[in-house]
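Presented below is the structure to which this report refers.
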Amino acid sequence: MSDRAQPSASEPVRNIVLVGPTGNGKSSTGNSLIGKEVFILETVECKTCKAKTLDGQIINVIDTPGLFDLSVSTDYMNKEIINCLTLTDGGLHAVVLVLSVGTDILKEEEAALNKLQLLFGSKIVDYLVVLFTGGDVLEKENKTLDDYLSRGCPEFLKTVLRLCGGRRVLFNNKTTDEVKKIEQVKQLLAHVEAIENLNGGKALFTEENDLNEKRQGEMLMEQEMEVQSKKPENTEVEEMKKQLEISYGQQMNMMAQMVEDTLKESSASHERMLLALKDKVERSYLENEDMHNETKRCNIL
């Protein structure tokens, strides 16, 4: 796959963009598609590379940074999406969502589809293919992709696969088997061709209405992020902390009052006991005095 001919500028090109969170193997997948190491791991900006496949197709692969990572700002995301589109003359022919069978589905993956639809428009699912990296992991376990998907497939993944018509493919980016390398690329390109046929040969973002839909998506995303930015971080947690602080303060005040009341009650009780004891002693003294006087009178008589 490394001895492919270089494409000419006049030949038709299929633009394939790789999206997904950082660490799922987008760059390695791009290298597998191109047939050589052209994309660096953990890229921080959109990169593109053209290549001619063994069957003569010209593909333009766009590797994107982790646009759906939770730490990515809206400004950065929009800038890179625009950058991505400038690298795709003729529109997008396929959007490949890259996931990994070696890691659990995280919040980034679950948020990816919503962000894709907001940024690229609702038509995105008509151009979507789900690509799973980590084929080497399943091979070691003697498992297939269907085996992996059947063992507790998350609802998010079921939804994505249903919306994109079940288009999926497994990649082993670590294999040295040339036959496997060619076969997995063929499988992905077969999905790309099916997408093209499904959409009547029309690519995404080739007409003004497509671009308008994308702009509307960008505006919605910006508005959503602006609203979120105005909210204090972890609002529920902060509110809970405030309530706990109030509750704790109230409890401490109540305890302090109880201690004070107890001490007062104890002091009052102690004082009452002393008065009672004093009264008892005085009464006993008076009684004894009366008895003593009575005895003296009896002796005189």
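Glycine is no exception: its Cβ is also placed from the backbone N, Cα and C atoms.
The annotation domain 'AIG1-type G' is assigned in Swiss-Prot to 11-214. As annotated by Swiss-Prot, region 'G1' applies to 20-27, with the evidence given as sequence analysis. Annotated region 'G2' per Swiss-Prot: 46-50, in sequence order, evidence recorded as sequence analysis. Marked as region 'G4' by Swiss-Prot on the basis of sequence analysis: 133-136.
Helix first, then strand, then coil: DSSP counts for the region 'G2' (46-50) stand at 0 helix, 4 strand, 1 coil.
Counting residues of the region 'G4' (133-136) by DSSP class, helix then strand then coil, yields 2 helix, 1 strand, 1 coil.
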